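A short write-up of the structure that comes next.
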Amino acid sequence: MSAVGALLAREYNVTAEKCDFFLENGSFDSVIAALPALNQEQETVTQKVSKNGKELINVASVNIEIPERISLSNNGRQLFKFIVDIEILPCENDNEATLVVSSDSVSLFQIGFKMENNSKIAVDKQLPLILDICAHKNQERALRNQLENRKSLERKPSRKRRKKNSNVNDPEKLLKSRIHELSLSYKDFECSPVVFRYNDSSLTWVLSFNLKLKFLNNKFNRFSVEANQILDLTFSNRDENEFERYHKHSHIHSNFIQKQFISQILEYSKDRLSKIKPFLPQSIPDLKVNLLPFQRESVEWMLIKEGHGNSLSDTPTVIDEVGLIDFMNEYYAYGYELIARSPDEVGPSLLWNKLTGYILTTEDAAHLYNQYRKERLSGDYPVCAKGVLAEEMGLGKTIEILSLILLNRRKLKDSEATFIDDENRTITKTKTTLIICPNAILKQWLEEIELHANSLKWYTYRGYNEIMKDCKTVDEAVQQLCQYDIIVTSYNIIATEVHHAEFNRSIRSRRLKSPKYDYSSPLALMQFYRIILDEVQMLRSSSTYSAKCTSLLHRIHTWGVSGTPIQNIYNFRMIMSYLKLHPFCDEVDFIRTLQEEIKLRNEAKDYTSNDFVCQLKGVRFSIKDCMNIFYRYDLCIRHSKANVASQIHIPRQHNFIIPLEFAPIEWDNYLNLWNNFLELSGYNSDGSGSPRVSNAFLNEWLSRLRYICCHALFPEILSTRQKRLHGHLSRISNIDDILISMRMDAFDSLIGYYRERFHLSIKQAQYELEISNTPAKALESFIKIRDDLMIHIRQKFNVEDPFDKSLNLSEDEDEHMDERFGEKETSSGDESDREINGAKNHDNHNNDGMLSNHLKKKGLRAMMNLLHDCYFFLGSVYYNLGTRKLEEADDKHRKEKTEEVVYSDVFPKNELEEIEENRLLEQENYANAEILRKSILSSEARKVDMTIKMARTKFAPMTSNIPLRLINIEFDHKNDYSSNLAVSRCFKSLSKLIEGLNEQTKNFNELLDELLIIIYEPVHRTEDDDSTNKIIGNEEYSTSIDSQDKIFSLLGCLEIILQNRDNILTSESEVKIPKHLVPEGSIISKYQKQLLNSLRLISGTPLRTVFDELKNSRIVRRISSSNESESTIQNFEDYLLQYEVESKSLFKYNKQVRESLKILGSIYNAKTEYYSQLQRISDSLVSLHSLSAPQLSHLIRTINKSLGGTLDAKINNIESRLIYLKNLSRLKDTLNDNQILSCSICLGEVEIGAIIKCGHYFCKSCILTWLRAHSKCPICKGFCSISEVYNFKFKNSTEKREKEIQEPRREGADSSQDNSNENSIISNMSEVEKLFGNKYEQFHQINEVHQIHIKESFGAKIDFVIKLISYLRLKSEQENADPPQVILYSQKTEYLKVIGKVLKLYHIEHLACLSNTANVGETINNFKRQPSVTCLLLNVKTLGAGLNLINAKHIFLLDPILNNSDELQAMGRNNRIGQDEETFVWNFMIRNTVEENILRYKCILEERKRKEKSKKGDKYDEAQDETDNEESDDAKFEISVVDQEVSNEHLWNCFFHGSD
């Protein structure tokens, strides 16, 4: 038997044969090496303190049974000697598994085992980590023993003197390094030595060890991730059944969890409120309205939360460990779990907060509980209610809050009027309730108080500055505010109050005994009885100023009020922070991590688990944990209208759909934008195809298409064009303005297409010249392009001679175009067509002409640029055919002979004549290009000349009073009449400064002279310039760069001098010259660097300091000097001090000089514009040889594609559209006169029509059939092709326009069905129409409303709004009813502004609240109090919630609201408790557009939801709470959940669903 076997036999009490068996098979010899003290017993579990002073507690006792025979490889000797990877493979039985040990990816052995008495240890999660910790700790212990053995050997005496080993491979150093590495891992744990013992009864080996946690008691512990993970897995009590009790749905794949939260709260509220025994009377004193039963339930719940009926008997004297956990979680911080000690451990168990790391003993927790109970008994610790009243909108949350205030008023003792807070501020206890609400409903709160509880004394707090106007001190303001029962303020005011709330005068350092000012907010010096946040979701995040200020305010009770308190995951932190639920109101942010993890999972489309759990520092945290907090601590209740329908009696709300058709002008405008979208997105008209754009791009286009359904001009387009019309921004764009805009857009596009076609043609010819080297072919191409350009300029712009020097190409000058730019009318061979095409003189004709002139100048300028390029390249072609041949002959002859070449000896006579002719043509074409270049640049050159002339006039030496140069300061530097050293020092400083300023003046004026020479130089060349230069403009442009750089540098240096001069004149501290005189990173030219180095800048003591010292000296002198010398001394000091007045004059003078430099800067800007245009011309002439191979290939592909017919088709189509648009005004009149537009082929009515370039109209199908067989117009016989056809929709009949909404549409019914989108769930369009009709009612009087006459048209939707308002007003007058009041909701602020202008035009009194400003509440209050105000314009997102507007019986939803909650909020403004009449919602929709697609698709989603509910056996009721019983996956039923953006899976349907 080996020695090791004997050791094992003795220590483990087993037979030697068994030990030798294991040793022979390589089982445990290396294990024994790692465990040097096998004969020691395990560490006593009573050990309490670690070596570093931290306390210890046993967190895991591991006993693993291993079979007697182990299949072990030779590598198994590495166990515990090196860090190993351990994997646990679970077996069928919970306490059995397979242990897999590997090292360096090599499997060492597998052991089947089972756990003994370790039910808390999760085999699959905890055990691998625990074993890994054990391996680390035992290896560290072995290495420390090894190191100690080496040291003990070195300490033995030796006769030989050993040298100190400095080798980096020294074993001792390596050991220390390895020990250090191991000590950094799992530093929060200690592990006992591993003990092997043999169990004779089970014939197994048992591996045992204890794992202990090192911790600091009554302190925050920063545990490692591994420590938190083991503690969380071992001790966290996660009761899944508790959650499922109130929440029936699996979890979602989205951050948007509003429906899930409210579904849970509704379930909880039913259970919680049913347990409350009613105790409120039927009528509440001082409340002028009786509460409904469900309202009494809510008030009773809040009263109980605030301590009603609670007595000390409710708090037991002694509580167990479970009770302590609940107490600590509710009253201190959420997250405490119990770490129980094992029976053989000494000491109390621990409470560990998994979110903060704080640990305390159960004894300490019991002490805190006893202290709390004692304070409750003495009244020092009142019950502090925290909660959210989340009643559905319209159920009377305001009345419930007022009832709470009336029923539970604070009783204060005079002896306890104040207390000192943690920041040493004196806080006054008050009876007051602080209500914070949005601006929009602040007045509404005051009205409700006056109407229902006018015994309550209230005050509107408007901020620190306002209240301090009436109070002398902050303490006085506090005493004044304490007198009120209610203080009402807004979120905006609270946000501005945050800095005053943070101010603390008790910690301000000061030299005086009492502070001069106190900027403390009076709100921060009061302890309110309760704070109520109405629409609490308005806090948005805990980092906003409103949230910060609210958190600083002292209160007893904390309430939030909102119908939708939780919308997304991050709202949990906002609500919990406001309710002061620790640790969520502190820095630890588990919720943000959870939100980000879910976002990442969604982006990866990882939906493998319904309940997503994230880990923060090893601690598990999920949405379930967030939701559980609310019912675990009774934080929120809610009633829905569906639940209390039997108690409330709200009259019916009618939901009308108003389908409208575009007028022909609007329809063409929409189709043009739609076609642009299709072209850019890659979709086909039926929704097929592969999009090439992002979802953000699609959302942007959807927004544009939705806006154009409301008004045909985008705000930015309208603004730009009205500015061109001399700034008439207040003018409303009517339908004629829209037509003008459409024509201008079409004409602008046509110019672009023509420009592109000619440009590509020039590049094609240039390719033939430079790359193909075929000058003869290139010559032919360029001549054709030149001729085509000349014809185009003559026909399109009526310009006969492009070389006319009087031609005006300026786009920005105010003078009108010459008559040469007048439009030519399209001729036609038919009299009726000429009558249609004959334009009327409309009121906006001048505006049309001005915009047209602007665009035509722009187009002519583009064509002139192309003509210039063409002439230049023609010169290049003739150069290749003429001059270049002579140059090649010269070069060849120069190499062979010295004498000059005789060209007649080289070329035949006829060829030489041809060369000479080509040389003359070369010069002629280059000259023509130069003339055109000057003509193109003439407007920019004129601007430069005008600005130079203006500057010369302003700065004329004899007539100008405008300062440009600096002036010297006169000063006597020699005679110093100072009476003392102080004055003398001032004299010398002043003398030095003035001397420096005068030198600086000289420096400035010299630079200015240099600037004037350069800046006054003209930009264009004279007629004597060599116009035959082939590189036109290159030399000029090169010179201009140098000139512009000099001007820029000089202007910059002059400004630096003025700035330095201002500092010397006005600074109160020492002036320092900046290290960098120009911004860092700026490119500095050599010339600019020289200028900067030559600047004369002044540093040191400024003038103001000198004058201050001089004044101080005079004060001292007056006290000490005699009267005899007073007069002389004073005169000298006064002489010096007069320069103080002079310095102020110099500062003003510097300001005037700076303004003068701005005039010179305008010359620089004008020159820059000129040279930029010159550079663009030069860039257009770049040789193709300078392009890279990919660039050249791309150019060739573009030429082949575009010139192959694509551009011609676009040009033909848009020319036909221009003719159509020109005739639309006449067609509009035809429609108004009830005339019919007939097709000349089939003689039928034109509905879906087409127009060709000659201006004739036909049915679309007729003309397409005709042109397939003919190439001429059926009427005028003019040539035309299919590419010239422009299609349009034209409906005349009112009956067709207002088809019954329930009728099925058959056109294109299947267009969207082939799409693979899974949301296209209804294939039968008649079923879609049925769903559409089920949700909305039909307004049967819609035709009568259409017949109402209005004096001007602004578009289909705006026109009908005006007509419907007029109809409602006339109807109310006939019925002797009150005048109607209407709320107009839209998501487009700019559209509401347009509506407001139209309402004003028709004398319809209205008010607008487009954003949540300070006066919005007053505006809404005026609407409620003044029946004469017909309309209130509101923005859906900013003012859709919280308003009580039951005075308005009508709500206009001007455009589809994407988010269901926002839509219901808007519809609920008048459909609430207190409404005694039927109300009406009018949904405006433009047929055959994205608006109709959106509304239809929302109906389909509702049907899908209804079907899924029916499958689950749940009853679906449309009247139910909008968020009750919803499917948990919101993305399936919500088109939009954030900021009116459509989610990815619904985008396609919004564009194409049900499209024709």
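From the backbone N, Cα and C atoms, a Cβ is placed for every residue, glycine too.
Per Swiss-Prot, ATP binding site is recorded for Glu391, Glu392, Met393, Gly394, Leu395, Gly396, Lys397, Thr398. On its own chain, Thr398 (ATP binding site) has Gln444, Trp445, Glu448, Asp534, Asn1444 as residues at least 6 apart in sequence with a Cβ closer than 8 Å to its own Cβ. In the three-state DSSP scheme, Thr398 (ATP binding site) falls into the helix class.
Counting residues 6+ beyond its ends, the compositional bias 'Basic and acidic residues' (145-156) has Cβ neighbours under 8 Å at 36, 171-172, 175-176, 179 in the same chain. If you look up Swiss-Prot, you'll see 145-156 (among others) marked as compositional bias 'Basic and acidic residues'.
According to Swiss-Prot, the feature compositional bias 'Basic and acidic residues' maps to 817-827 (among others).
Feature annotation from Swiss-Prot assigns compositional bias 'Basic and acidic residues' to 834-846 (among others).
The compositional bias 'Basic and acidic residues' feature in Swiss-Prot is assigned to 1297-1309 (among others).
Residues or ranges marked as compositional bias 'Basic and acidic residues' in Swiss-Prot: 1508-1518 (among others).
Per Swiss-Prot, the feature compositional bias 'Acidic residues' maps to 1519-1529.
Sequence annotations record features per position, and here Swiss-Prot assigns N-acetylserine to Ser2.
Summarising the annotation, Swiss-Prot assigns phosphoserine to Ser810.
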Helix-strand-coil residue split for the compositional bias 'Basic and acidic residues' (145-156), DSSP-based: 11 helix, 0 strand, 1 coil
Other C-beta atoms that fall within 10 angstroms of the C-beta of Met393 (ATP binding site): 23
Env. residues of ATP site, Cβ within 8 Å of mean position of Glu391, Glu392, Met393, Gly394, Leu395, Gly396, Lys397, Thr398 Cβ: Gly563, Arg1472, Ile1473
Glu392 (ATP binding site): secondary structure state under DSSP, collapsed to three categories: coil
Residues satisfying Cβ distance under 8 Å from Gly396 (ATP binding site), sequence separation of at least 6: Leu292, Gln295, Ile1473
